[in-house]
Amino acid sequence: MSAPEPKERAGSFSSSSAETATHEDNEKLARLDPVGDEEKLKAPEELEIDDGGEDDSLLSRESARQPEPTPPPPSSFRSALIWMSINTLATIGIVFTNKAIFSEPSLKLAQLTFAAFHFFITWLTLFTISRPRFAFFMPRRATIRDIMPLAIAMSLNVILPNLSLAFSSVTFYQVARILLTPTVAAMNFVLYRATLPRNAILALIPACAGVGMVSYYDSLPTADASVKTTSGLGVLFAFLGIFASSLYTVWIASYHRKLNMTSMQLLFNQAPVSAFMLLYVIPFVDTFPVWAEVPVSRWVMIMMSGLFASLINISQFFIIAQTGPVSSTVVGHVKTCTIVALGWITSGRAIGDKSVLGVFVAIGGIIAYSMVMLQEKAKQAARGSR
């Protein structure tokens, strides 16, 4: 039996590029999971959720099934293509915008403040689209006690990958996110004894090996100061972020079933709790810049980051409603390849750099995994229709 991976990655976009990537990763995992569609949860790109009582949720496999959010009216292929394009461009934009923001020394160590800002933007976006005029979803309330554990996981899921982006090259940051898939698979095996098809496991081996190659070569010192490299801290934060994101991904499915909420409803409850919770920690952790000395260009980038987060969340809603798993998977791979390619171009590395081999091996492995899982899903659908 396949792992009960969450259908939705309840909004992870609000916090940053890290969050955005994680949401997409989670949704990609959910869409490729051969478990029945009724068990899957789909999330609006980069927002998050929350809940308490993890033990019962994680260990329970016989939970109530989740009602799907009411999608917008079906539209043409052109409309779907437009939303997929917006989602792709916004995802690429948020990664490079956040990288530019974190390149400012005075902002690099204000990660919790930045995450709280994104959580607020997430809540504001969801509040707006839940109004009767738009009616994307019907808000529901959950208690803070239920939301708090997942809100903490959501915060770690955003802050740790953001720290990785701040201390890493864009190429390494994005390639490392590939490890989310095998890590989630491992967690599902430990928690549920759920297994993947043999060919899928074989495809994940080169994916992991490729990430290891990039980690090694990208972190080596270079004589050329113009070449962007990854520090040891960047590697550490990347792997910690992958663990946090994977745990968050596994938890989401359980919380969806336990609270009987859609991704947007969960995220609507979770985002403000995460933001408010961070306010108590920010004074002791963040190093604040002299705000008056922050360049105007950085303030513009911060606003752009919030705008990209909103566009990702809104577009994801339409993508989930209007496209199938194949289209969603293709869009996810296009985003990964584009971010990696642009990151490589801006890194100053030569085409013959040894880490490029690891990039191709890792991306090739995860694409092969996606193909295997899609084929498995098609086989199960065919058997179910008989």
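Each residue, glycine too, has its Cβ placed from N, Cα and C.
Unlike curated entries, TrEMBL annotations are predicted automatically.
As written in TrEMBL, here are the features:
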type: REGION; residues: 1-76; note: region 'Disordered'
type: COMPBIAS; residues: 1-10; note: compositional bias 'Basic and acidic residues'
type: COMPBIAS; residues: 21-31; note: compositional bias 'Basic and acidic residues'
type: COMPBIAS; residues: 46-57; note: compositional bias 'Acidic residues'
type: TRANSMEM; residues: 80-97; note: transmembrane segment
type: DOMAIN; residues: 92-370; note: domain 'Sugar phosphate transporter'
type: TRANSMEM; residues: 109-129; note: transmembrane segment
type: TRANSMEM; residues: 150-168; note: transmembrane segment
type: TRANSMEM; residues: 199-217; note: transmembrane segment
type: TRANSMEM; residues: 232-254; note: transmembrane segment
type: TRANSMEM; residues: 266-285; note: transmembrane segment
type: TRANSMEM; residues: 297-319; note: transmembrane segment
type: TRANSMEM; residues: 326-345; note: transmembrane segment
type: TRANSMEM; residues: 357-374; note: transmembrane segment
Beyond a gap of at least 6 residues from its ends, the CB atoms lying under 8 Å from the transmembrane segment (357-374) belong to 28, 32-34, 171, 175, 178, 181, 196-197, 199-200, 203-217, 325-326, 329, 333, 336-337, 340, 344
Comparing 80-97, 150-168, 266-285 for Cβ pairs under 8 Å with the transmembrane segment (297-319), the winner is 80-97
Relative to the transmembrane segment (80-97), the stretch among 109-129, 150-168, 266-285, 326-345 with the most Cβ pairs under 8 Å is 326-345
